[in-house]
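J.: One structure, as structure tokens, below. Some questions next.
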Amino acid sequence: MNKVILRILAVLFLLGIYAVSAQSDGRIVGGADTSSYYTKYVVQLRRRSSSSSSYAQTCGGCILDAVTIATAAHCVYNREAENFLVVAGDDSRGGMNGVVVRVSKLIPHELYNSSTMDNDIALVVVDPPLPLDSFSTMEAIEIASEQPAVGVQATISGWGYTKENGLSSDQLQQVKVPIVDSEKCQEAYYWRPISEGMLCAGLSEGGKDACQGDSGGPLVVANKLAGIVSWGEGCARPNYPGVYANVAYYKDWIAKQRTSYV
């Protein structure tokens, strides 16, 4: 290999930024292939179970700024930052066009409840910062200031399963679903409270949804981050919308956390 290339790779490794090749694990239900040029804010969270094991994609995330990734609390709760990497700028798990940054801090919401799934939001702090100005496939997204209206179309992106326990895809997927009334969502999930910190989206007939592997990924409305993939009953089942962390509800919490490290 050319000595110049070797030197460049060595420098990138020391900086904590390097090309990545990832493995396939699934995709959005009812969606279609999309490009990182249209989903520049989407990242992969990769985790290893121990210092001697390899990294594997576990959740999605969303770029808020060069050092801040928004994701679901259940993706990072009781985990160590040193066991995570963030893959950005690549829509394919098997590609070599993305970059990786190491994680320096995990900030799950202090009131996250794994039983009720309330406050299922977290921030992931990366170091070094993502080189947003150097890549046309990476870009931060603005946070929604208000909860989206019922019926508005929202876009979900991720690498989760195509169906419950279904097939997988190397390519990032995207699908549109309408925002669902919280009262109707509560009727569907009568056994678990739909709190103010939750947002529901999906089709009454089912067929389109996030699924396993999409957790932590973004739900976007009008080019703003409105929700974070959290939980649901199966995947794309009729009358069971997906449930998301309501980002607008947590905007003050996000701002407060960012002041501690930005």
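Even glycines carry a Cβ here, placed using N, Cα and C.
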J.: Can you tell which of C75, C185 Swiss-Prot lists as bonded to C59 through a disulfide?
T.: C75
J.: Please compare the disulfide-bonded residues C185, C211 by how many other CB atoms fall within 10 Å of each one's CB, and tell me which has the fewest.
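T.: With the disulfide-bonded residues C185, C211, fewest surrounding Cβ atoms within 10 Å: C185.
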J.: For H74 (active site, charge relay system), which of these recorded positions sit within 10 Å, Cα to Cα: D120, C185, C200, D209, S215, C235?
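T.: Correct set: D120, S215.
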J.: Restricting to the recorded positions C75, C185, C200, D209, C211, which ones have a CA within 10 Å of the CA of D120 (active site, charge relay system)?
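T.: Taking C75, C185, C200, D209, C211 one by one, the ones whose Cα falls within 10 Å of D120 (active site, charge relay system) are C75.
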